[in-house]
Amino acid sequence: MDWLDLPAANAARGFIELPGSKSISNRILLLAALANGKTLVRNLLISDDTAQMLNALETLGIKINQISKNDYSVEGAKGKFPVKQADLFLGNAGTAFRPLVAVLAIMGGHYRLSGVARMHERPIADLVNALRQLNANIAYLGNEGFPPLEIKPAELQTKAISIKGDVSSQFLSGLLMALPLTDKTTTIIVNGMLISRPYVELTLAQMARFGVQVIQKNWQHFTVPAPQTYKSPGEIIVEGDASSASYFLAAGAIGGGPVRVEGVGIESLQGDIHFADALEKMGAHIRKGKNWIESSSPISDTSRQSLQAIDLDCNHIPDAAMTLATTALFAKGTTTLRNIASWRVKETDRISAMAKELRKVGALVEEGKDFIRITPPATALTPHAIIDTYDDHRMAMCFSLVSLGVPLRINDPGCVAKTFPDYFKKFAMIVHS
Ligand SMILES: O=C(O)C1=C[C@@H](OP(=O)(O)O)[C@@H](O)[C@H](O)C1
Ligand SMILES: C=C(OP(=O)(O)O)C(=O)O
């Protein structure tokens, strides 16, 4: 295993152009592949997760051309993938795996979908159960309730279906994107709590860009008129990734700043732009524009002051909330991040991984089923900790912030390739000693 030694830095300031949003990139690729007409996708995120989606779509017979580094043209297949039989490997990309299961279940072909070992531990039963209500033919090839899956052709029955929303919003997003392609209108009822709601809003917004409408009564009741056709909007520019922005904004709030991220701003639909509001609650100075956000440390008349701890329900920002956990190391008091049960079924058990690694730098940490509580060490952070990253890009990126206090080693830094391959190069551009 390789590692990266980060020296201690005492300031953060600068400007970062964000890579494209993972969530938007993979939605746009899928919808462009299903659309009528050719779509030019600009500023696509180039990372493991988007590579999984691109490879899968090409395997399914979609013609995709790379025009320049981040610009791709996608030839839409008018709602039907040309290839009717395929084995797809999707790594650990939830934004590829979940929507593709939903779309392929209604495609009338024979498909197998698998991923890395961790993907085979990430639940998918709620989505499979919803699709089975439509009479989709889906079998578990390994453990019941988890990938890998096999999908076979089936005579679909359209009707009202229900889905649970408390494990992952990606199941509902997948259904919403797939159902317009069926023959008849379906109603979806969400049973119980819907977590990570901004991602469902993002799904509906991307579908609307392709001319497809969903009638929504509230967040528990959706009617998907069908058949509908996705129509290429011609050109789409993918906005910057708001979750990736969180590390730089936190650095600005901890290390003086200003740090400005360019690519997302007040008009963004990505839920993770609200990470900036959480930083503001901690005392950071935040400025926002149409296409940028900037952070600086709290300033008093006389000196730079430290951040304050917060107690926050993080259900709306599940990914950026992880950044709050390491930012809490630089805040006065005890920070509690609540309503984060989904962390346990993502790239790793993120509550347990975060607790274990935070303790290595001297924090006092309490964890529960759906919360984490962090008190920074009374004196100073422990220098030279060796941080394990659990093949979780966000663990690696979050812990880079510790270098604003003390030097540390980050094991397997390459795991950032899932969403941000040149993260550490960009991080080095804004930290100064
Ligand atoms: O739909 C999406 O693009 C995502 C939804 C969220 O997952 P959950 O809905 O499982 O919380 C988020 O954590 C993930 O990184 C991306
Ligand atoms: C949870 C994440 O990824 P996925 O899309 O694989 O669910 C993430 O990027 O933090």
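Every residue, even glycine, has its Cβ placed from backbone N, Cα and C.
For the 3-phosphoshikimate site that TrEMBL gives as Lys22, Ser23, Arg27, Ser168, Ser169, Gln170, Ser196, Asp319, the extra residue drawn from Lys152, Lys217, Lys332, Lys346 is Lys346. Contacts of Arg27 (3-phosphoshikimate binding site) defined by a Cβ separation under 8 A and a same-chain sequence distance of 6+ are given as Thr95, Pro99, Ser173, Met177, Leu202, Thr203, Gln206, in order along the sequence. A straight line from the CA of Gln170 (phosphoenolpyruvate binding site) to the CA of Asp319 (active site, proton acceptor) spans 13 Å. Listed recorded positions: Ser169, Gln170, Ser196, Asp319, Lys418. Those with a CB atom under 6 Å from ligand 1: Ser169, Gln170, Ser196, Asp319.
When the recorded positions Ser169, Ser196, Asp319 are compared by Cα distance to Arg394 (phosphoenolpyruvate binding site), the shortest distance belongs to Asp319. Close contacts with ligand 2, defined as a Cβ under 6 Å from any of its atoms, occur at Asp319, Lys346 among the recorded positions Arg27, Arg122, Ser169, Asp319, Lys346, Arg350.
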